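The ATP binding site annotation in Swiss-Prot covers GLY607, PRO608, ASN609, MET610, SER611, GLY612, LYS613, SER614.
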Amino acid sequence: MTEYTPMIKQYLEIKDKYQDAFLFFRLGDFYEMFFEDALNASQILEITLTGREGGTKEKIPMCGVPYHSASGYIDTLIEKGYKVAICEQVEDPKTTKGMVKREVVQLISPGTVMDERGLKAKENNYIASLYCYEGKEYGFAYSDLSTGELKSTVIEASEDRLINELTTLSTRELIVSASEKEVLSDVMKEQLGLTFSVHEEDTIPLENEKLVTRHMSLSEKRAIGKLLHYLKETQKRDLGHLQQAVHYETSNYMKMDYYSKRNLELAESIRGKGRQGTLLWLLDNTQTAMGGRMLKQWIDRPLIDRNKIIERQNDVSELMANFFERLELVENLKNVYDLERLAGRVAYGNVNARDLIQLRNSLYQIPRIRATLLSMNSKSLTELANQLDPCEELTEKLEEAIMDSAPISIREGGIIKDGYNSQLDTYRDASRNGKTWIAELERKERELTGIKTMKVGFNRVFGYYIEVTRANTHLLPEGRYERKQTLTNAERYITPELKEKEKLILDAEEKSMELEYQLFTEVRELVKDYIERLQKLAKSVSEIDCLQSFADISEKNHFIRPTLSEDGSLHVKQGRHPVVEKVMGAQSYVANDCDLDRNREILLITGPNMSGKSTYMRQVALTAICAQVGCFVPAEEATLPIFDQIFTRIGAADDLIAGQSTFMVEMLEARNAIVHATKDSLILFDEIGRGTATYDGMALAQAIIEYIHENVHAKTLFSTHYHELTDLEKELHGLQNIHVSAVEENGKVVFLHKIKEGPADKSYGIHVAELAELPKSLIERASRILEQLENDDKKIVITNDKQPEEIHEEVQLSMFPVEPEKKASSKETKLLKEIASMNIMQMTPMDAMNKLYELQSKIH
């Protein structure tokens, strides 16, 4: 049996409690890792792997990082989804006999990051917990430890519902019991980018009972308890900044599943996975970090409460009407610090003097923001202004205590203002007077000895000294100077007077720094008493910031205030896709109308590829979302219903994370919409059925349209390449054909991007293939096949009485190129098309002659 050294034994005992984390084990000035941790960390962090004697025949794998620069390495591990247990020496090695006691003082995980460098300013960092109650419902709680936010709800015990909540929040970590983790699918565990933490205890800690209200359900309380207990156990410190748990109902907001939000690119682009090109990117002109985080929350959860939507619209209208006041408001907001995260760092004891300066400067802005809002003489903005708490007593205390030029370090002095504490002033005077005496001593000694290069210096090892070059040492009087240090070209001395004064100066400086640190911690503790008020203030400032952002974006982009319809109708005149318009420029974008009501529930959209069908569909959805977050919308006029849900199946960026085919993903998304949609929902289906055989796809597309028409009655935009489906307009009274127009000019297709009534007459798919520069022989072959199909074309739409109007005869297409039938009309048409597509202006006379011979040979 291996007999490890005492230090390795201690390491292994602690590591056994934190098997799912990298253990940063403090040894002197380094955090060391051993065994498997060392092997893995050396690769991930790209640091040197070494070995250490530990009682085994071979050296134990070891790697380490300096403690003073460990935060960067920790951030790297956390970003990759790992956990880090910080193990510190909790005894002074100088006063301890034998092995120094060590303990884990904090477990840092993706959901518990507090260091600013590991957080994104305008993104929350959520950790969530789950409690499954009898397999019927999930208690669900989440928190952003950096801001103190704590919320909870109850959702259906469905993995889809759980995924929706987790992805809406961009959750970094999920706490579950071992049995709960067991039943979650591999998709949940491996593909959502979550760190799973197993924790069994779900009782609410006594000190946190005040955070939970009585009316919450058992499953909700257990989820909160699991979250709070985990945070208490891993953070090992006061979490007094956690706010009272707020219950929320998902039914109070517009519902959009993960796929819908992804397809609409609300907060993350499909291709770049960043904010660029998203609705959030467009609407975000917030000036504060906390305002940016609130804006994302608003976009993730649009309102369905008519009064709340109108309230936001009123505020945006008032801010737009007061241009100069809004500019002043923006300037004030620019100087407001991240109050939410500051409160969290205060609770953690991580705040420094510069944080307090920024807090003070932020509080200076509050009366100015309040005065600006009141000057607009708006009832709604006055209510917002009156919610702003300037925390005047705290502002005065910070002004009185903290120097404007305070350093980051809180243990080296220079933080507290003169006049704040009389004892500190006494120490400082002693130190300053002593340094004046030192300067005077240097002058006197030079005069006494005649050594003009003599100087008085200081270092931490020898204290104050008199330095004389070796060439001048013979000028020193004997008996008065005591040699302390010999250098290459100089000697250093002390005198009795210098030694006595040194003690007075150093004692004063040491006591000054000790007292200054004590005074700083007292001020920091005082700020703790204001945490709750600062959090409420942060929420009010964030709301004001979001509203001014809406006003600014609406004005710059010529958005208009939408009307909310009572009858469920949707009428948009000259609507635009807000993001595409921003990227392309307003002059290049083609605006379009959209009309839907109880008698016109489904728009069947046909038109060429690349013509803008998908953009048009997204445009309608984004207009609705803009309206329901309280912003104005990109249109000349707009009357919109309040949608309870939006379902989409748009684009080709299929998410095959579960190993499903494109067609299976299509059908699952279609099922989700059909099962959950109501008459107040919006459905966007783009090319449903494209993932299977033509007849299968067409049959399913028709059946889905009919089912929505007869049973769901949701507002629906359904694009298709199955032109045969346009005959459904005769069968379904609530369906209307529209198309995206295109024209042919000189044999080339020109997309007009304009929506018109009625079905499209052609697809122009082969023209799109030409634009993609497919081989010419392939294009010609496709044209011949198309001609064959068009010559044999019959309708295949099946009426609701299940009797076929006409059944398409099967066409066996040759696997090899075959010559088309010799039909004069067809040949003439082809020749005319070829002649029309010729670019005569770029032909040389010889090219033209050769082309003429080629055409003549085709005729013969």
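Glycine too: its Cβ is placed from the backbone N, Cα and C atoms.
Keep in mind that this is a model prediction, so the values were computed, not measured.
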Per DSSP, three-state class assigned to GLY607 (ATP binding site): coil
Cβ neighbours of SER614 (ATP binding site) where a neighbour is any other Cβ within 10 Å: 22
Neighbourhood of GLY612 (ATP binding site), C-beta criterion under 8 angstroms, separation at least six: VAL590, VAL740, PHE751, HIS753
GLY607, PRO608, ASN609, MET610, SER611, GLY612, LYS613, SER614 excluded, remaining Cβ within 8 Å of their centroid (ATP): VAL740, PHE751
Cβ neighbour count (within 10 Å, all chains shown) around SER611 (ATP binding site): 26
Winner by Cβ contact number (other Cβ atoms within 10 Å) across the binding-site residues GLY607, PRO608: GLY607
